[in-house]
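Some notes on the structure that comes next.
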């Protein structure tokens with residue numbers, strides 16, 4: 001059951017054609033591990049939530065594009081983007097506004113057709129510009145103050161899934177997901 005949202009959030013969610021997000025603290029809990037590589041050196045390990053993963057698949061299948069803008073550059077992030085059919089994958093960028101303008105130009109979308117999920121100060125600048133700004137449950141107070149919607153779920157624990165349910169429900173597509181899995185007839 002999608003969360004109950006205000007009429008304003010529902011109206012904003014109904015317009016979304018692209019969902020952008022931060023990675024560390026949104027798709028993950030913000031922790032990462034450096035593990036020895038048998039070939040030498042270290043590699044970075046991140047944990048991604050499977051409910052967020054299926055939400056990314058639903059967005060893809062319903063024609064809503066996705067993308068990420070991350071301050072860190074990590075192979076695990078690139079793989080998550082690839083396996084989730086993300087249209088945009090920008091890593092190693094804490095200055096997110098120029099990337100946002102690039103995405104606007106490339107996609108042909110207007111800011112009100114874009115949702116952004118964030119958790120920290122580097123995300124606020126985009127959250128103030130998009131049609132649907134979503135802060136994860138454990139976002140900083142300043143970021144929550146920029147949000148149209150704050151998830152009950154924390155980053156790395158289904159926050160994207162929750163936001164996806166809101167968007168798909170507002171667009172009349174949530175019941176189709178439930179029917180697909182025979183949750184409803």
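Placed from the backbone N, Cα and C atoms, the Cβ positions cover glycine too.
For residue 22 (Mg(2+) binding site), the same-chain residues 6+ apart in sequence whose C-beta sits under 8 angstroms from its C-beta are 68, 69, 70, 71, 117, 118, 119, 120, 122, 123. Look at residue 22 (Mg(2+) binding site): DSSP puts it in coil. For 22, 119, the entry in TrEMBL reads Mg(2+) binding site.
The Cβ of residue 24 (substrate binding site) lies under 8 Å from the Cβ of 30, 32, 46, 70, 71, 72, each of which sits 6+ residues away along the same chain. Sequence annotations record features per position, and here TrEMBL assigns substrate binding site to 24.
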